[in-house]
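See below for the structure under consideration.
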There are 4 protein chains.
Amino acid sequence: MTNEGNRGRPRSQQARQAILDAAAALLLERALSEVSMDAVAQRAGVSKATIYRWWPTKEALALDALYAEWNTVRPFPRDTGSLRGDLLSLLRPWARLASSRPYGRVLAALLTTAQSDPVFATEYRQRFVEPRRDQARALFQRATERGEIPAGTKIDVALDLLYGPLYHRLLHGHAPLTDRFVRDVVDMALDGILPGPA
Amino acid sequence: MTNEGNRGRPRSQQARQAILDAAAALLLERALSEVSMDAVAQRAGVSKATIYRWWPTKEALALDALYAEWNTVRPFPRDTGSLRGDLLSLLRPWARLASSRPYGRVLAALLTTAQSDPVFATEYRQRFVEPRRDQARALFQRATERGEIPAGTKIDVALDLLYGPLYHRLLHGHAPLTDRFVRDVVDMALDGILPGPA
Amino acid sequence: MTNEGNRGRPRSQQARQAILDAAAALLLERALSEVSMDAVAQRAGVSKATIYRWWPTKEALALDALYAEWNTVRPFPRDTGSLRGDLLSLLRPWARLASSRPYGRVLAALLTTAQSDPVFATEYRQRFVEPRRDQARALFQRATERGEIPAGTKIDVALDLLYGPLYHRLLHGHAPLTDRFVRDVVDMALDGILPGPA
Amino acid sequence: MTNEGNRGRPRSQQARQAILDAAAALLLERALSEVSMDAVAQRAGVSKATIYRWWPTKEALALDALYAEWNTVRPFPRDTGSLRGDLLSLLRPWARLASSRPYGRVLAALLTTAQSDPVFATEYRQRFVEPRRDQARALFQRATERGEIPAGTKIDVALDLLYGPLYHRLLHGHAPLTDRFVRDVVDMALDGILPGPA
DNA sequence: GGTTAAACGAGACGGTACGTCCGGTCTTCCT
DNA sequence: AGGAAGACCGGACGTACCGTCTCGTTTAACC
């Protein structure tokens, strides 16, 4: 974007990191709307103008800050031999991370912004949604190759059927997002609510 | 709260309705954060103090305004004879309403507030979540009585398995919330992703 | 300007006075450019928005603040029987006041603004220049009636000849603005630099 | 100050002149406070750091820029044979120059700075005030030698009596600074407001 | 002719103030 | 007492400018 010919003073990586750290820390303390850019600047020991030079809005900054936080733990799903096992090894770490700290608060705020800002929405999905969906898609591909599920399975629906309930509990908070719940969701999604036609 | 002895001038129902209408109209135009109390007051032809006399915060007002909007259409689920049919007759109208206008924007904003305000969260769930869950719970009760599903079925998980994917698409917007999707979700939730043990 | 029907909460005279006092105090401490609106607001115990509601710019506020300060002492010229005496009784108090505190600093700043803002310039002259000139004009009128000076005397030039040197010393500071200087200016202006044609 | 041993790259005279030209041009366009150092740098095709290397403040730069502009016309007073003629030949070109362009705006701004910065004030007077006063003083010296004025004449007062009214009109703008006015001031200052004792 | 020292263009940076906006409260008069 | 009007405090917003800095580059004078 800026500084296109390597001319002039280079961007301070120290400032960049301090800003992201400060934003992340504050976002875990209180709601996004309660976090002021002045507070981030002060905590990072940085000028407000420096923040605005690189992030157009508070939400964009929050997106980056959360992304850095979120990706410290990167659960890579291993092949457990069955779709059920694969899904559990993918979703359980996600659920643990999501409920380990008030990430739901930030996530909700980002989703709110995404409702009114299509560009932001795309950015959000590319960073937070698609990678997980791609991983899960790979699991289903593997399951298809194994012959566990038929070829015509609507995978996109299945993805929503798995992630939807998790986000639902995270955001609505009507019940906790436990390992037990993850197992129940996987079981019920795989086997169905109705008893099998045996 | 106010006017406990029925003394003095009674509350203007006209003002109350004008405020709710103005708020609802503005909320369908733009994001909650872009709607100012001054704008609501002006549009309603009402003093800002009057709003604050009856609603503590902008979010509380938005909750009431959306509630009024949302409940203009009240889909009452009829008995179709099967759980599948009952669920479709409950969820399809909900999905149509939710995606008919930018309600997702307001909903996301309310959810965001709920993340940091437990009282508000309870209020929100009582008004928007529990009624639907209660209705759905009744359908499952009926299905149990019919013998469609076993007695030990984890209904709360099932509810999240059904509503979760709908909210997921509404809020994330990675794919549209169509009738087709509702049908797919109901089918897949009832029958399971894996093929039956036939 | 605002509040045209006497409706609504009336303007707080207490806030108004606190703002003027704070501005005046700060202007006597440091240069106008060093006085921030935030500082005035804080010192006055007032919101910045309240200042901007009633004064469009810092300079307009400074004008009012200085005017209040300046007019606490209102030297009224008495009839001394001679033009020389009248002028001394008018100009000496002015010079004393002008040099008693760092009013020159504020005056210079206001004059600077007046150079680029015709509306402000008019306002400035009406408040600070014209009243004095009117008073002096009256003295010359009296002198004409006495027969001290001929009827065709160019009074506007005479006014500049008297006030000009005083402002000159005040603003340039190449020499102090003393009583002695005022007397010298009056004498030399009345009698001329060249010796009389006696 | 810098480059004491003539070592290293010499100062770019081209940059120096471009900066002064840019500053002068901008100062004739708008008020000093509206002229930003960034704008000067951009217009001069120069780095901001280069400006600050040679001029400590914007005001110091403005002083130099105006000085260069002002001294393009250098009115040298010739001996006309009488004090009156000499003064006219000194003051008339000055008044014409001062009112020919918006120099009053810059002058006022410099005077404002001088009110709070004694070092700057001295610099300002040495460059803009003292040379003229010295020239005028020489005229009075000549007049004394001619016997036009008595030996005890207070020349410093006389200088203020002549320049004061001109600055007064220039800065206050209550009336134009015309040749006619210069003549009137000289006449009235030399002959006095009161009629001679003939 | 290679080294060195300073000046230079570019532009990021910390800091400060700007003028605006909005959330919530309060005051006055009117109904 | 309820309500309309609107002034008020507090505080965050995003912008603009100042004066400094850190780069890489250029330009002479010196060795």
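For all residues, glycine too, the Cβ spot is worked out from N, Cα and C.
The DNA-binding region annotation in TrEMBL covers A:36-55. For the DNA-binding region (A:36-55), the DSSP-based tally of helix, strand and coil residues reads 15 helix, 0 strand, 5 coil.
Feature annotation from TrEMBL assigns domain 'HTH tetR-type' to A:13-73.
Under 8 Å from some Cβ of the DNA-binding region (A:36-55) lie the Cβ atoms of residues 2, 11-12, 15-16, 18-19, 21-23, 25-26, 61, 64, all in the same chain and six or more residues away from its ends.
Mean per-residue pLDDT, taken over the DNA-binding region (A:36-55), amounts to 98.
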